[in-house]
Amino acid sequence: MRITDTAGFHAWFAERGAAHRYRITRTPLHDLEGWYTDPASGDVRHRSGRFFSIEGLRYGRQEPDGPAWTQPIIRQPETGVLGVLIKWFDGVPHLLMQAKMEPGNINTLQVSPTVQATFSNYTRVHHGSPVRYIDHFLTPGAGDRVHYDALQSEQGSWFLGKRNRNIVVETTGEIPVHEDFCWVPRPVMAELLRVDNLVNMDSRTVLAGLPDDPGEGSVPRRAVEKPLHDTAALLHWFTGAKVRHRPERTTIPLSRVGGWRRDDDRGEIVHETGRYFRIIGVDVEADSREVTSWSQPMLAPVGRGVVAFVSKEIHGERHLLVQARAEAGTFDAVELGPTVQCNPGNLPDGAPRPPYLDTVLTARPEQVLFDTVHSEEGGRFYHAENRYLVLDGDDVPVDVPEDYTWMTVRQLTRAGRIGNLVDVEARTLLACVRTLPDHGASR
């Protein structure tokens, strides 16, 4: 199936939602089929020893007065594949996307990449159906051209060292299209990114790495770039931030995580303040998935987060205010993150407000360039949402705190294509920024 406009996409998407049967049932952790609580550590594990586990983490930083805490965290050592196939039709690049159910999606069905599969999925550990189109990404054929292939991190607050392989492959061959998939023009994908809870996280992270093209949503080609900081200066700043923020993290038994308790009545793990997140259990039925029923733990955040880039025109070029951000589970300790990335409801009473949070929350309507609520990874997180914003902050000073710097959209796009440099929330915003008509152009 190949659609030509947004209306055609929504008609196809509604049809796919009606074609399948899904049911997600909240279930106590101690009743999850195939899962158990380790009596020695309290960790929640699958009886096969595969997939993922819920463990404890102790985190702190070596700098004076650095934060320190313990928390539950998802440990998933496997590296999955997130891949998008591109093909040109009538001079327009189209992306092969799928309508995919995930148990944590707030609206069940969202737009996923061509391939979204864990290592266990595509090696069929669970004896499920083969993953469609996986060979184009693992063993590209004669008609396939790899444009982008990088190991990228995922949510460092909730995953321990989690990475997935992000791949974009252009194909010229004939592709049989399953009814749950369709070719979407790249300009239409740009429009879909503005719809709440429609394009899933796995799609967004790959879209951030798409190659430039002359169509809508590309980074404009400029004869001369005029960034505030050149590459050497940015690397110097980023290396300095990694030296300043030297984390010490150790996995610990889940039973030894302070401030968290198991609520036996509800079968959940919760924080004593009711903040942050809960670890819950679900039973899932989905006739469109490789395995049609299963049980699993999930991380359910409390409240909606705010993720934002403040932008500013400098030297006639649109710049983004980027943060060197350390998170407990980040694979390489520090990554490039958005200007603001937090859940305001989780801020401790009396604690200092994160820099620029109030700038974002009090922005005037005319400053808002992008404002959409997106879901996070629905395979491990239950109803996790963030409000993603891009603001015109031309009244924000050029001089910024030491953990912040200004980068052009093109500079951040290049960094994002390397892998393990730009965090997943910033990659979502990067995918969104690249849809704005004047994001890199001078006025």
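Using N, Cα and C of the backbone, Cβ positions are placed for all residues, glycine too.
These figures come from a predicted structure and were not determined experimentally.
Features of the protein shown, as given by Swiss-Prot:
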- TRP35, THR118, PHE119, SER120, ASN121, TYR122, GLU377, GLY378, GLY379, ARG380: dTDP-4-dehydro-6-deoxy-alpha-D-glucose 1 binding site (BINDING)
- SER157, TRP260, ARG325, GLN341, CYS342, ASN343, ASN346, LEU347: dTDP-4-dehydro-6-deoxy-alpha-D-glucose 2 binding site (BINDING)
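Here the CA atom of SER157 (dTDP-4-dehydro-6-deoxy-alpha-D-glucose 2 binding site) lies 24 Å from the CA atom of ASN121 (dTDP-4-dehydro-6-deoxy-alpha-D-glucose 1 binding site). With the fewest other C-beta atoms within 10 Å around its C-beta, LEU347 stands out among the binding-site residues CYS342, LEU347. Ranking the binding-site residues ASN121, ARG325, ASN343, ASN346 by the number of CB atoms within 10 A of their own CB puts ASN121 at the top.
With PHE119 (dTDP-4-dehydro-6-deoxy-alpha-D-glucose 1 binding site) as the anchor, the candidate binding-site residues are TRP260, ARG325, CYS342, ASN343, ASN346, and the one with the nearest CA is ARG325. There are 21 other Cβ atoms within 10 Å of the Cβ belonging to GLY379 (dTDP-4-dehydro-6-deoxy-alpha-D-glucose 1 binding site). Under the three-state DSSP scheme, LEU347 (dTDP-4-dehydro-6-deoxy-alpha-D-glucose 2 binding site) falls in the coil class.
Sequence-distant neighbours of GLN341 (dTDP-4-dehydro-6-deoxy-alpha-D-glucose 2 binding site) (same chain, six or more apart, CB under 8 Å from its CB) are GLY305, VAL306, VAL307, ALA308, GLN323, ARG325, ASP423, GLU425, ALA426, listed in sequence order.
Sequence-distant contacts (6 or more apart, same chain, Cβ under 8 Å) of TRP35 (dTDP-4-dehydro-6-deoxy-alpha-D-glucose 1 binding site) comprise LEU29, VAL44, ARG45, HIS46, ARG47, GLY281, SER295, GLN296, PRO297. Cβ-based neighbour count (10 Å, all protein chains) for TRP260 (dTDP-4-dehydro-6-deoxy-alpha-D-glucose 2 binding site) stands at 20. Summarising the dTDP-4-dehydro-6-deoxy-alpha-D-glucose 2 site geometry, the residues cited as binding it (SER157, TRP260, ARG325, GLN341, CYS342, ASN343, ASN346, LEU347) extend over a maximum Cα to Cα distance of 25 Å. Looking only at Cα atoms, GLY379 (dTDP-4-dehydro-6-deoxy-alpha-D-glucose 1 binding site) sits nearest to SER157 among the binding-site residues SER157, CYS342, LEU347.
Using CA atoms as reference points, the binding-site residues SER157, TRP260, ASN343, ASN346, LEU347 were checked against GLU377 (dTDP-4-dehydro-6-deoxy-alpha-D-glucose 1 binding site), and the closest is SER157. In this structure, the binding-site residues under consideration are PHE119, SER157, GLU377, and the one with the smallest number of other Cβ atoms within 10 Å of its Cβ is PHE119.
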